[in-house]
Structures are given as structure tokens and as C-alpha cells.
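*Asks:* Before I ask anything, here is the structure I am working with.
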Amino acid sequence: VSPPAMSRRVVRQSKFRHVFGQPVKADQMYEDIRVSKVTCDSSFCAVNPKFVAIIVESGGGGAFIVLPLAKTGRVDKNHPLVTGHTAPVLDIDWCPHNDNVIASASEDTTVMVWQIPDYVPVRNITEPVVTLEGHSKRVSIISWHPTARNVLLSAGCDNLVILWNVGTGEMLLALDDMHTDLIYNVGWNRNGSLLVTTCKDKKVRVIDPRKQQIIAEKTKPHDGTRPIRAIFVADGKIFTTGFSRMSERQLGLWDLNNFEEPIALQEMDTSNGVLLPFYDADSSIVYLCGKGDSSIRYFEITDEAPYVHYLNTYSSKEPQRGMGFMPKRGLDVSKCEIARFFKLHERKCEPIVMTVPRKSDLFQDDLYPDTPGPEPALEADEWLSGKDAEPILISLRDGYVPIKNRELKVVKKNILDSKPPPGPRRRHSTCDSDFSQPALEEVLEEIRALKETVQAQEKRISDLENKLCQFTNGTD
């Protein structure tokens, strides 16, 4: 007699079924940080293999702090900040192709791009590499293009999405007349050919930014009135979080080719914090972090029903004010770490490590397929002209070693270059006769050398200050 069908049901096989989260030890946290209290649904924290950046409280103007990853423990109250905005900073995002470059968006309507040195500077960083001005209201969202060099997206409360070429400081595209109300979030697909946006008008839109066309939209993917979030996941599917009519939190999975019906729609709980989704394409896991929640829930997305499979919940006692998500190349592969979050509390930042339990110490290639590395696959103008390219992948077999600081060079296009000035050239404006090319080179070389000396001295002063801090620790 065959056994009843129920007993034959096998538990779904997945190598991620036992992923568990664990906070780091107390001395591995970043303490004494005045995390921003601005009411804004952004994540307030951005991390990469070199640095953790956190939006902080600042009297007058807006600021964020950048800490080298290894600089854990108490943060000196005089630690330099990045201060250039004249109103609060609302969003920050590290450039995926240069770990020393970060962009910030602010209530002052501007976007600024900053070069962060590898050493801790002595004073606040006040001069951005470039300031991008084009929004008429506060800018609450920024996001770098995943594969094209120097392409940055910003979205503001003027319902406008702007794409910039950071390398020239100019606006590439402005997507206006597409959103009738406040934009909640914007996400790129894997190769950066499409955008997905959510908006207060209760629509999810999929946009081809270069054609400036909406290629699909869904009204009310979730019936509730609270904010919706949407991201691209594998195979161009879209994952959303929102609220039901009864104010229960929901998650949904959608297929672009049939946007009418969800592939999956699940109720979760009745908490009222907006769920921020973080997606890891290598494992197909979505992590949901609610602002004000004290837990991280995570799900695996597969091709078999019910398509979105609940894995587990990491729970803690303290609510999160924001969350940073480390790119794959910043993880410790020797410990089978598959995600690392940087959870913001009121006064500290606590890394939380997600691990797949494995007995072997060998490199687990099934957990770590090749992953996007720091090299861009396209230049900005190639992308703008219609080219697409998948991310350039790297192996994590021997771990990832961050690249030394590469300077972001901004070459502003000069409008005078395009049309020659009328009339004969004025004698005094040329310097060719009095000033030979070699002499110019010499002066430039001298300036370069002076620059290097100043940087070396700044580093030395910083090192000496750090040493002095260690000596005077506890004696002031």
C-alpha cells in the first residue's frame, strides 16, 4: 500500500534554507554616531569594501560621515564629516566603479559627488568634485548606473528623474511628464537598460530612459495607500512591497509580460513601516528591512510555486533607523558569508552577518558565482547612444582586494569650444610666444609635486593626531 501523499511531500531543497543572521561582537560596531533624524524612507547608510557612510545630524546644512571599514569602536566626536550641502542630506550612494567616490542628494535641491581619500582627512571635506543642479525641489533619491561609467540618476520631489554624466557634470536626460506625484523609489535592472519606479499616484512604471518611454505600468499592485517599493530581480521580473487595503504589509512578484496578475502576492504582518527590499542576484534572495522594525525577513525567489519562498527572520530587540547593504565583493568568503547589513541605531551602526552554515573551509563555489566587479562595462556616451552591456564579473575565489584610490576627473565641456570666436585673435590672449610648452609642463609638474607633498603632510598630521588621541585617551 502506498503511503499517503502528504508523507511523501519532501521539504524543498535549497542551499539557503539554513541561512542565519548574527550581529558582530560589540567591539566591531561603530559607536557614538548621531544618526540623522530626518523623516525620509531612504536607507541613510551606504557601504562598500572600503568604507561605511552614514547620514548624520548636523546643525545647519547637511552632512554624512565616512569611516574606513576597519575603524570600528567609538568614533571620535571630532571625526571629520562630509559637509557641503546647505540643507539635510536625504540619500547617499557609493559609485559601483570607484570605491572612493560617493554621491549625496539633499533637501537643498542639489546632488554632489565627492572623492573620499583612503586616509582619514584632518578636516571636514567641504568641496565636492562636482555639484549637479537641475532639480527645483528637494532630491530624495540617487542611484548610480550599474554598468556605465559616471552615469548617475537622481529623483526629486519635483517628480522629475534626471540622468547625469558625472564625468562632464552635464545632464544627459530628464524624464519629466512621467510621474504625476511624488516618486517613492527608483531601481535599475541588471544591465541598466530599464528603470522601475514607484509613485504616490499608486503606479509602478517600467521606463526605458533612453527612449523616454514607459514600457509597462501597473496601477495599484497593492491596494493600500501607504508607500510602495519596487526592484528588478532575476529574469526581468519585478518584486514589490506595499500594503493591503487592511493595512497589512504585502510582497508581490510580477512578470513584465503579464503585469495584470501577480506571480505571487503574500500578506506578512500589520506593522506600518515601509519595507526596504535588498536583493542579491547571486543567490536570488530578497531581504526585507522595515524602517522601525527590529527584524530582517528574507525570501528566496525561484521558478517553482509559490515562487517567493520564506527562508527565515533575523530578530533583535532594537528597531532599525536605516540599513546599509554590502556589495558581494566586500564579503568574507572564507566564512561563507552571503550578505552583510549595517544596521543603524540612534547612536551606533551594527554590522549583521548572514551566513550559510558549511563544515568545509574550502571555497564554496556554489555560494559564490562570479559577481559584478569594479570595472564599468561601458562609457557614458556609449550607453546614451543605445549600447547595453552586462556587468563585468570577477571571481571571489581568492577574496577581493580593493583597488587603490582612483581620482574622479571631471572635464566640464566648455560652451566656447564649440564655436570659434569671431574676428581676429587678440594678441594679448595668446601666450605661445612668451611661454613654451616645456616651461608649461615644468610648472604643472611642480604643482603636481606640491599637491603630493600637501597630501603626504595631511596624512602625516592625521596619523600623528590619531597617535596623540591614543596617548591622551582617558586623560582628558
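Going from the start of the chain as shown, residues are counted 1 onward.
Including glycine, each Cβ sits where the backbone N, Cα and C put it.
Take a look at what TrEMBL says about it:
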DOMAIN    9-73  domain 'DUF1899'
REPEAT    82-116  repeat 'WD'
REPEAT    132-174  repeat 'WD'
REPEAT    176-217  repeat 'WD'
REGION    415-435  region 'Disordered'
COILED    440-467  coiled coil
*Asks:* Would you kindly list the residues that approach the coiled coil (440-467) from elsewhere in its chain, counting only those six or more residues past its ends and only Cβ-Cβ distances under 8 Å?
*Replies:* 117, 119-122
*Asks:* Could you pull out which residues elsewhere in the chain have a CB under 8 Å from any CB of the repeat 'WD' (176-217), counting only those six or more residues past its ends?
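*Replies:* Distant Cβ neighbours of the repeat 'WD' (176-217) are 41, 140-141, 143, 145-148, 151, 153, 155-157, 159-161, 163, 225, 227-232, 236, 238, 240, 254, 256, 259, 281, 383-384, 386, 388-391.
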*Asks:* Per DSSP, what is the residue count of the repeat 'WD' (132-174) in each of helix, strand and coil?
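*Replies:* When I sort the residues of the repeat 'WD' (132-174) into the three classes, I find 0 helix, 25 strand, 18 coil.
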*Asks:* Are there residues at least 6 beyond the ends of the repeat 'WD' (132-174) whose Cβ is under 8 Å from a Cβ of it, and what are they?
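*Replies:* That would be 40, 42, 87, 90-97, 103-113, 180-183, 185-188, 190-192, 195, 197, 199, 207, 209-210, 212, 372, 376-384, 388-392, 408-413.
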